Amino acid sequence: MAMIDEPLYPIAVLIDELKNEDIQLRLNSIRKLSTIARALGEERTRKELIPFLSENNDDDDEVLLAMAEELGVFIPYVGGVEHANVLLPPLETLCIVEETCVRDKAVESLCRIGAQMREQDLVEFFIPLLKRLAAGEWFTARVSSCGLFHIAYPSAPEALKTELRTLYGQLCQDDMPMVRRSAATNLGKFAATVEAPHLKVDIMSMFDDLTQDDQDSVRLLAVEGCAALGKLLEPQDCVAHILPVIVNFSQDKSWRVRYMVANQLYELCEAVGPEPTRSDLVPAYVRLLRDNEAEVRIAAAGKVTKFCRILNSELAIQNILPCVKELSTDSSQHVRSALASVIMGMAPILGKDATIEQLLPIFLSLLKDEFPDVRLNIISKLDQVNQVIGIDLLSQSLLPAIVELAEDRHWRVRLAIIEYIPLLASQLGVGFFDDKLGALCMQWLKDKVYSIRDAAANNVKRLTEEFGPDWAMQHIVPQVLDMINNPHYLYRMTILHAVSLLAPVMGKDITCSKLLPVVINASKDSVPNIKFNVAKVLQSLIPIVDQSVVEKTIRPCLVELSEDPDVDVRYFATQALQSSDQQMMMSS
Amino acid sequence: MNGGDEVAAAPAGPPQSLDWKFSQVFGERTAGEEVQEVDIISAIEFDKTGDHLATGDRGGRVVLFERTDTKDHGVPRRDLERMEYPIGRHPEFRYKTEFQSHEPEFDYLKSLEIEEKINKIRWCQTANGALFLLSTNDKTIKFWKVQEKKVKKISDMNLDPSKAVGNGSIASSSTPKLCLANGGSPDRSYNYLGNDFSFPPGGLPSLRLPVVVTSQETNLVARCRRVYAHAHDYHINSVSNNSDGETFISADDLRINLWNLEISNQSFNIVDVKPANMEDLTEVITSAEFHPTHCNTLAYSSSKGSIRVIDLRQSALCDSHAKLFEEPEAPGSRSFFTEIIASISDIKFARDGRYILSRDYMTLKLWDINMDSGPVATFQVHEYLRPKLCDLYENDSIFDKFECCLSGDGLRVATGSYSNLFRVFGCAPGSTEATTLEASKNPMRRQVQTPSRPSRSLSSITRVVRRGAENPGVDANGNAFDFTTKLLHLAWHPTENSIACAAANSLYMYYA
């Protein structure tokens, strides 16, 4: 203790706590590893701190994860890039631990360091590390090694490159499915660094192995690699090697593989070019849209817009649109829901005429779907179709759909539609809104469910922001303030909440003339809950209105409340008074 | 009789009956000692290598044992098996560690007590010398990591440890506060500290890192890595790992869920047999297991005596099975008990995945996955109980769930019975092996006569019944058959002829 100067005390504690029994303190110290390193200086960090970390790596996974993360940005603290290699040993051991997230983070940090290392250091330190991991006794080491090849390969001399490719090939055929999965996941990244001639031979043969793996989970990841590989190859090679594989996969026995294809297919279209897309990928995609398994159709339906964006509109209308029509009446609500969430995006692709002729009937039928999610998804993307054909064609069907959702017996559905009301208002315009939706917004303020009333109050505020205070004065404020006379105190509370939200948007004049009197009146309420909420609202109004109003109206009311028989009312009134005092001190 | 060479020359000959010997017992009861309910073993499982054994009990504890006899095999196992004379070496285990896996809980929403009893244990892939296993009670599955940790002593702190204790409260409270004051981001809070502080370029020589002295002593630490909860409305009867090493299933009475080992907050329902109206319920799931090598195949058994094999590739929700195995009811044999005793209590895949072993109340059945017309072999476990079914029904014993197991080579099967007996049958073609053993230090004492004929053809039933009559429900000590001492749980070593079985709170190990 005597040796440690007073200002060093926090650092000393930090270092000691690297080995504290409490995991939170260890974690805290590891998070501040760079502070410790700076306190020790670069040389002692290299010679003492890093070896210390390497030796003490049997800590809890949370600590190891933090350590793996910190070490990734540690190059400046060990003396720059020329000393980067000292960071490899502790990360190497972290690459072997059992917990996946620690390993992943260690690999990520190694990649980050490796990307900055000098070429000769990579050959001298990084590649041997990679080879040790790839030949590791435990599968965990081999899993980690797969994610490092793309960093090591570009710097390796020719002979070593051959060795690395062979090594990767072995990993693709490892006994453990975990290793093969990792090899499949990282194949695209590795392939991007491999020279074209080897790409066509070595990498493609690895890819072939993986696509024929016994384990579905490996094949799944191989599908993901398809698009990445496809982009690296020349179009004709892609057509020759990748296309047959993906077409095969699109008819795989396993629905999970087909599901992956449905998700990935559009990415491949660009790689193979327009002609093979038309002749092979479109038919494959159409098959997936009509798959027996609903999960596959969900994935395919969700990509309809992205896929059509790549095709020309003629092809889309000819091939995809008939499927879309079928999907809009699919037996699975989740398929319809997935379709509804993207189908509006097709309008800009197809253009005005085709949209009116072909898509509009689908929109309308989805708007009448029995499943609320489907209708909600359509409504949520209304702006996209509005730009193409205007809202008028839809408004006839839109209104009943909105009204029905607004009155749905599930409050979560009501909540969802409230969220979209400001969007609808901006799309439909003031006139439409006043006629049809204004009443609904008021109705929600009187909902039985608190979350709905809460959202409704917020909605009132957002509408005011959309249409401006003048409009609100005419169409919202009087109706809202009317409800303060509701016999049920919970509804009166909602109005107070709405007032506190409206006040900042309406500005000080309207707040003083219209809103404030209502709040002051409510302070005479018989229910204490209302009264202490009045105190809270008044507190929120203080910054909005003029000082004179605070003095003349708000403070007297608060003073009165602060002498209320109810303890909670007194508490919040006192709070509000204190905040008003502070406000005065600040302004003076 | 046969020399080793001749056996090799005539591979068609059935293997010899095994001569079972007592090896070890853990938790043996002393005379007059009463068994505590919480100590009763409720699950047994060997790991893939056979180097470890785990048991779970009704008290929610998991006990691990490790093999102590030498692990390297000079002589190939098959050669050892052929030898006439008893082999000196056999698997021996010692207590390794134990931990409390589950605690009793109370579901306040359903006003339901959740027992801590371990229903199943499954070993997962070993990594870095750490052991991993899944344990489950009725509702919650837990993923455990058991690891040896070297005991470490820390010395040479910057602050005098005695004083550091005095300052501990300041030290430990000051650092987290720093984080809070700066709003969450620890990096930023360090920057804040760093900016305030200017370090000399060479560092501060007075600071030093703690010295950690690693001793040879090790500590076994069991840590719960993940908890897979709230996915089962009914009681979980099985968990089973997939060969892909990343997923597992859990089955309750009506549903089977698929999990990823690394994701504990979501699972996928893959089988749902719950009828829209619970009054239409006629059949429940009793057990489920993944195929040992085909990642997309799993089998589950039902209370109606059928086994369904499903293909996960077919559909996300596997309502339709790929294969159905059930035995047609013998005409005229129907009785009140037919349906009850047909209920399958356990199924196990053989190691090669070709055969499925199932246990119902009276029999063990071996099914060929390629033949769904009927079992390839049926073994009567305790046929002498057939006249007593009425008593067994009245005291609820008829609902006891006996487990079954196969030897690693697939040549033999075993299952338990009452009076702490268990039976081993040979299932290789032509084998007549049918041994009855007692879970005690003298397993063969019940072997009054060695059955020399297979007891699996229907014609042999009468004989077996007669054998029961010769020995009318009385054991060697003259005690009547005891329905309270039942041997429900047992496991066969994956590579050797060694069986671990549970008699109440005791774990008996036998070898041949």
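Positions of Cβ are set from backbone N, Cα and C atoms, glycine also.
Here is what TrEMBL says about this protein:
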type   : residues  : note
REPEAT : A:10-48   : repeat 'HEAT'
REPEAT : A:203-241 : repeat 'HEAT'
REPEAT : A:242-280 : repeat 'HEAT'
REPEAT : A:281-319 : repeat 'HEAT'
REPEAT : A:320-358 : repeat 'HEAT'
REPEAT : A:359-397 : repeat 'HEAT'
REPEAT : A:398-436 : repeat 'HEAT'
REPEAT : A:476-514 : repeat 'HEAT'
REPEAT : A:515-553 : repeat 'HEAT'
REPEAT : A:554-588 : repeat 'HEAT'
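Counting only same-chain residues 6+ beyond the ends of the repeat 'HEAT' (A:476-514), those with a CB under 8 A from a CB of the stretch are 438, 441-442, 445-446, 450, 453-454, 456-458, 460-461, 463-465, 469, 521-522, 525, 527, 529-530, 533-534, 536-537, 540-541, 544-546, 549. Under 8 Å from some Cβ of the repeat 'HEAT' (A:515-553) lie the Cβ atoms of residues 477, 481, 484, 489, 492-493, 495-497, 499-500, 502-504, 506, 508, 560-561, 564, 566, 568-569, 571-573, 575-576, 579-580, 583-584, 587, all in the same chain and six or more residues away from its ends. Per DSSP, the repeat 'HEAT' (A:476-514) is made up of 34 helix, 0 strand, 5 coil. Per DSSP, the repeat 'HEAT' (A:242-280) is made up of 33 helix, 0 strand, 6 coil. Here the repeat 'HEAT' (A:476-514) returns a mean pLDDT of 91 for the predicted model.
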